[in-house]
Amino acid sequence: MSNIKNIAVFTSGGDAPGMNAAIRAVVRTGLYYNLNVFGIGRGYDGMVHDDIFAMDAKSVANIIQRGGTILKTARSEEFRTVEGRRRAFENLQKKGIDGLVAIGGDGTFTGASKFIEEYNIPIIGLPGTIDNDLAGTDFTIGYDTAINTVIEAVDKIRDTAESHDRVFVVEVMGRDSGLIALRSGISVGAECVLIPEIKVDYEAMMDRLDRTRKNKASRVIIVAEGDDAGAFAVAERIKERFPHYDLRVSILGHIQRGGSPSCMDRVLASRLGVAAVEALMEGRRGEMAGLIHSKVEFTPFEKAIKHIGAVNDNLLRMVDILSS
Ligand code: F6P
């Protein structure tokens, strides 16, 4: 028999497609188990400022297909302070909230760990970020939709690049992670993919551009935003070496964060949302629910946020083989 009676769900950090599907799953699962379910607006900021409200089955109707987050999100400065966290805890206490589901990325889980350390409140995390930069899950909620958005955009860029015999340097998001760049790069048949995890060999890149020119009218280089150089600097280098190239830069930006979630993100969010509530009821805390080889697994927050060196360089090797 679970001691948990009142749970609250919130989204924090950058939004990601599928967050709404996750909120819906948490709310409906809580209600299924006869818990009272609350939503918190604007992440930790709403906790500090008492933006906490009851949710019912209707409040999550017709949202599974919507991008963004109906709860809104923020990166809260106040919650980083001892006083901010104290106010947040008092606001939760006022409503009798005894369990939290935090949907977000590494910043969200760092905050959650601190909160548990100070107030021992049960929190389960769901990986909600387009960056796919968390350990303990094969994919984060939002990543699949984001890479599909990149593919759609770069396919369009390829049409115009091909018509003009142009070289395009396209910058994609991912913060310090190259995983958006790598997977989307393979999918669009990019000639080069530059990611922060692996030092760029500019000589090899120039050789490849020169070599592939014989077979191809257009060339597309995908650059992860976390890469040291950035798209404009990469374009500069190419221009220096090949001044005759007709070169353009395109920064895809925040379109990568929006849009209706893919089937994969909706199912992932739904599965993990159910798992999070059941985990709270089983007495778990301080862990992120993720999917590893199609199975729900729990990873402590401290481990989940240390996603280091997770790049499969075989995939980068594939870009070399397939773009020649
Ligand atoms: O973490 C998600 C993300 O979209 C990153 O890929 C990107 O670096 C960052 O957020 C952008 O943040 P903001 O929306 O605050 O500019």
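Cβ atoms are placed via backbone N, Cα and C, with glycine included.
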Per TrEMBL, member of GLY14, GLY18, GLY174 binding ATP alongside ARG75, SER76, GLY105, ASP106, GLY107, THR108: GLY14
Per TrEMBL, member of GLU197, GLU203, GLU225, GLU282 binding substrate alongside THR129, ILE130, ASP131, ARG166, MET173, GLY174, ARG175, ARG248, HIS254, ILE255, GLN256, ARG257: GLU225
One of ARG66, ARG158, ARG237, ARG241 listed by TrEMBL as binding ADP at the site of ARG24, ALA25, VAL26, VAL27, ARG28, GLY189, ALA190, GLU191, LYS214, LYS216, ALA217, SER218: ARG158
Rounded mean pLDDT for the residues that make up the domain 'Phosphofructokinase' (6-280): 96
Shell of the ATP site beyond GLY14, ARG75, SER76, GLY105, ASP106, GLY107, THR108, same chain only (C-beta within 8 angstroms of their C-beta centre): SER12, GLY13, GLY43, GLY104, THR110, GLY111, THR129
Integer Å distance between the CA atoms belonging to ARG257 (substrate binding site) and SER218 (ADP binding site): 27
Sequence-ordered recorded positions from THR129, ASP131, MET173, GLU191 with Cβ under 6 Å of an atom of ligand 1: THR129, ASP131, MET173
By Cα-Cα distance, the member of binding-site residues ARG24, ARG28, THR129, GLY189, ARG248 nearest ASP106 (ATP binding site): THR129
